[in-house]
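Asks: As listed in TrEMBL for this protein:
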BINDING   B:GLU55, B:LEU410, B:HIS462  Mg(2+) binding site
BINDING   B:CYS74, B:CYS77, B:CYS456  Ni(2+) binding site
BINDING   B:CYS77, B:CYS459  Fe cation binding site
Amino acid sequence: MTKQFLLDGQPVPFDDGQTILEAARKAGHYIPSLCWHKDFPPHGSCKLCVVKAAGRHVSACATPAKEGWEVESNTPEINGERRGLLQMLFVEGNHFCPSCEKSGNCELQALAYEYEVLTPRFRHFFPDRPVDASHPDVLLDFNRCIFCELCVRASREIDGKSVFALTGRGIGKHLVVNAESGQLGDTDFSATDAAAHICPVGVILPKGTGFAVPIGERSFDVATIRSKTLKESS
Amino acid sequence: MSFELETAANRESLRRVAIDPVSRVEGHGKVTLLLDEAGHVREARLHIVEFRGFEKFIQGRPYWEVPVMVQRLCGICPVSHHLAAAKALDPVVGALTITPTAEKIRRLMHYGQVLQSHALHFFHLSSPDLLFGFESPVQQRNIVGVAGAYPEVARQGVLLRKFGQEVIRITAGKRVHGTGAIPGGVNKSLTAAERDELLQDADQMIQWSRDAVHLARRLHETNGSLYDEFGLFRSHLFSIVRADGALDLYDGSLRLRDARGQIVLDHLPCADYATHITEEVKPWSYMKLPFITELGAARGWYKVGPLARVQNCDFIPSPLAELERQAFVAHGEGEPIHAPLAYHWARMIEMLHAAEVIRSLLDDPDLLSDNRLAEGPRQREGVGIIEAPRGTLIHHYRVGDDDLVSYCNLIVSTTHNNQAMNEAVRQVARRYLDGRQLTEGLLNHIEVAIRAFDPCLSCATHALGKMPLAVELVNADGSLVDSATSGG
Ligand code: SF4
């Protein structure tokens, strides 16, 4: 007999070694995430996949499922915490969605809709993060970085280049480019790299093609992030 | 032309009255009057606080974001900024001419915007003053009052505006803050179903717009002494016109007429605007005061917007609006009409033209074509000029090889009209307020004059159809004698 745990009272089957997040999504239960990616080990930094398992807060992406566990995810309490995390991500960077090319394709924005982030809650940091336009084909807009490190990981592990890194701590943390000048144009980064296509938000964008896809035809115009994620996990 | 009443002598000894509409992000306007002991107006100024930070904000951003970003400049005519920016950035992607499909879809979007903006202004904002009188009870002087007394007029206003918004939604993807125009063209054509949806109502819009022109025209014909005289001052008229002299709100070259109607400058390429327009800074105003360089500050100021455009062009290239233009010109008996209240009449003629243009564009198969984008060798600089609902709108950008905007200059319609609106305020202050006990009704005369220009600060008032107003009476020593609020 397959093992199972209870997620919000519903039985979820799992195989040994599967995380709560993977098992839940496979069984058609949505748990949100930003920094998780199927091609990489769990990172556990965005904390959006937070659930309560056996009375403790854990990251569903990094916690292996256990037989008989009772896990809470889609509850007002947990969803409220997720909303708070999203609100913090918005104030930590400079997110001006209306003129962001990623708008409508952006996972952070889609999650904000999903979790009804309707009003600002925290004071904006307004950090000063200049854009890097030195590369001929790709623009880096650090204003929108959420430190998920997907580009760092993809560049290192898939492209074998290590173009990106995070540096600094706490609120001083920021994304940097691995070149003496600090400029993307001085690396061997290419628009065909996996790292050029992995950003869940609008930091790494191809140059010159802004708004070519009209409103109404963008990924999250046609499906919610919940339904899109579940479809991809089934 | 004089700047009488701009700055009084012995300002310290005068009594100050401020008309201070409540601040909104789109702009904050305020009128200050200085009165002497006998109540004579000695100084009258309109101050508009502009959000000038935008130009700085755009510098350093990638150029493709700009047409979308600049829509936030203005809550009421975002489409005009969207299109002016896209036009300015066409050369940056090498599109020295855009495809017929792109041009026609942008035109459709623009005339949809003109239609909805003019309808909003006339029916919601101005019709209460025009239908009930400037000193009518303030409780009645709003769109709700109009809906009660003239339900059909109010209904048509709402539906005209809605139609314009539908045109915008279908061409730009959203009713507000869409993305339709992109540097080099547009990102979306029309489907046959979308076109047919608009076609259903297009003829009705022409009919209602025509009725609205007649309503505005009757005001002048039946009450000429008020409508033709109120706030009257003469000035140059400035706008773009098509190469053959036709009215064209989307594209053309610059033309200036003098107050007598003689063409002074013509066929000036838009790209050369900076040579011909100087923006003067005055210590008392946040908003610059532009003038025509060749004529100098004292003589070179001008009006923009419907009243200027309808008289600056040689003809209107749509049959019904052209007939109305001819009637308008005839009313002037050989002289240009400068009366601020004639803005309403001219505005309705443009609304009719917009309805006719939309109707005829909808027959054009190019709207359905996929040939949306043009490109070519990149340029580093571009100027886009469009006739926005309120007047000439100028966007100017330089873009570096790294795709980031390195320079941005914007001159918005309300800025062009700054001197003209100040002049209208002074005329009204002199004629109606001078030496009298100030009442809300009298102060409303000043607002009526400002509203005729449909300045952007009226963004704040469009929603309610009345200008929130705070009046303060301040002694010469600055102490508050009395205050009252209305509207809002
Ligand atoms: S990255 Fe996403 S959330 Fe941030 S500005 Fe762009 S669309 Fe908005």
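Cβ coordinates come from backbone N, Cα and C, glycine included.
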Asks: Check each residue in the chain of B:GLU55 (Mg(2+) binding site) that is at least six apart in sequence and keep those whose C-beta is under 8 Å from its C-beta; list them in sequence order.
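Replies: For B:GLU55 (Mg(2+) binding site), the qualifying residues are B:CYS408, B:ASN409, B:LEU410.
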Asks: Let me know how many other Cβ atoms fall within 10 Å of the Cβ of B:LEU410 (Mg(2+) binding site).
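Replies: There are 21 of them.
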Asks: Among all the protein chains here, how many other CB atoms are within 10 A of the CB of B:CYS77 (Ni(2+) binding site)?
Replies: 25
